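J.: If you look up Swiss-Prot, you'll see Asn98, Thr148, Lys152, Arg269, His301, Ser353 marked as substrate binding site. Sequence annotations record features per position, and here Swiss-Prot assigns active site, proton acceptor to Lys150, His268. Annotated Mg(2+) binding site per Swiss-Prot: Lys176, Asp178, Glu179, in sequence order. Marked as N6-carboxylysine by Swiss-Prot on the basis of sequence analysis: Lys176. What Swiss-Prot lists as site 'Transition state stabilizer' is Lys308.
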Amino acid sequence: DPDYAIKETDILALFRCTPQPGVDPVEAAAALAGESSTATWTVVWTDLLTACDLYRAKAYRVDPVPSTPDTYFCYVAYDIDLFEEGSLANLTASIIGNIFGFKAVKALRLEDMRFPVALLKTYQGPATGLIVERERMDKFGRPLLGATVKPKLGLSGKNYGRVVFEGLKGGLDFLKDDENINSQPFMRYRERFLYSMEGVNHAAALSGEVKGHYLNTTAATMEDMYERANFAKELGSIIVMIDLVIGYTAIQSMGKWSRDYDMILHLHRAGNSTYSRQKNHGMNFRVICKWMRMAGVDHIHAGTVVGKLEGDPLMIKGFYNTLLDFKSEVNLPEGLFFAQDWASLRKCVPVASGGIHCGQMHQLINYLGDDCVMQFGGGTIGHPDGIQSGATANRVALECMVLARNEGRDYVAEGPQILRDAAKSCGPLQTALDLWKDITFNYASTDTADFVETPTANV
């Protein structure tokens, strides 16, 4: 219905649709709208018993995708009454329920959504938020620094706690569990939590800074997750962690728990690339960012640009803006198809993690800004002089680059020289620069902007 007048309370969705040969794209869009709301494969007489014209989703616009033959952007509007208030499970059951298996479409991808203020007001939003987190950590004017304990699996609890202590003592703000460390036979969660918090408390006492460790509470049941989260709080942790794979209802439940108990909630996006990486089918990661901000997480991994994981510069910028802006406008180069008022939901902190090191610090600050957590796992644990030296190298690299930026220097162009100058009085930084130099994982991204040529990730 190209004449449909969009209401302020409508939920809007944009699908990238590749119809089967011979299928009209307008008909495909109409079928997507129908199947994701009220319709089935045939006319049913019970339609007469409902306000079907109100509840049926409306496909109101179909545009060809630039430079991509036989693929179309299909815009669909949903009435707000189609969705239960504050329930991601109900929302996603409609939006990504049956339609991705439609025979009439060869491929389908959910690119973006717009949520009305009336619906957002029914969601909690981040449990703590960036502003309160900075106040709690007493860290301002720079990105937060972290690292993931490596190796991911196999360490004993005591050795695990030693890694935590060394990293925090060296200058990091956070250490973290990785996505697949839960409560395995080689180290049960209680052992890991106890030794990790011993390391946190010791490092905090020595440094005079607030420190934290993301304790992964992911488990098989909600009862187990609550038990682990409560144990983390009893030990004095300020932050707990979950994985995306636990599901939307579990994520919202942990978001509510974190708000109730005044804890920061970190989300690892484990599993997202199974459906977000390919450009023609699945869903764009920016949609996951929006859902997770609504669900109540405080942190979410959102890309690095220069690291080892998928990350086009423009797309990453769009993800970060989605998590941090209170209001965003249409920005097609960054993949933002709708203006969005976030109804004062708190900011969700993007996390940059995966294949980054101190030699890239000028690039990271340029691309990602201050409001993020930069996590150097291998770039800390892999330092030749040890974990503490790796942490110190990252902290010195960050602070010298922030200082240069604040002095008005062209820190992007001068970045390598700024690091070399700082390394003259910091042996760990010099060792790190000698080892990793300017290594960058510069592969062509699979998910790139449709409306402009993508910039290179190298500076």
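Our numbering is plain: 1 for the first residue shown, then up by one each step along the chain.
Using N, Cα and C of the backbone, Cβ positions are placed for all residues, glycine too.
Situate these features within the shown structure.
T.: Secondary structure at Ser353 (substrate binding site), taken from DSSP and collapsed to helix, strand or coil, is strand.
Take the CB of Lys150 (active site, proton acceptor) and look out to 10 A: across all protein chains shown you find 15 other CB atoms. In the three-state DSSP reading, Lys150 (active site, proton acceptor) counts as coil.
Around Lys176 (Mg(2+) binding site), the same-chain residues at least 6 positions away in sequence with a Cβ under 8 Å from its Cβ are Gly146, Ala147, Thr148, Val149, His213, Tyr214, Asn216, Met241, His266, Gln375.
According to DSSP, Lys176 (Mg(2+) binding site) is assigned to a strand segment.
Every protein chain considered, the tally of other Cβ atoms within 10 Å of the Cβ of His268 (active site, proton acceptor) stands at 26.
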J.: According to DSSP, which of helix, strand or coil covers Asn98 (substrate binding site)?
T.: coil
J.: Compile a sequence-ordered list of residues in the same chain as Lys152 (substrate binding site), six or more apart from it, whose Cβ lies below 8 A from its Cβ; state 'none' when nothing qualifies.
T.: Asp178, Asn180, Ile181
J.: I'd like the number of other C-beta atoms within 10 A of the C-beta of Ser353 (substrate binding site), please.
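T.: Other Cβ atoms found within 10 Å: 25.
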J.: Which secondary structure state does DSSP assign to His268 (active site, proton acceptor), in the simple three-class scheme?
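T.: Its secondary structure by DSSP: strand.
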J.: What count of other C-beta atoms do you get within 10 angstroms of the C-beta of Arg269 (substrate binding site), across all chains shown?
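T.: Arg269 (substrate binding site) is surrounded by 22 other Cβ atoms within 10 Å.
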J.: Rank aside, I only need the closest one: which of the recorded positions Lys150, Glu179, His268 has its C-alpha nearest to that of Asn98 (substrate binding site)?
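T.: It is His268, whose Cα lies nearest.
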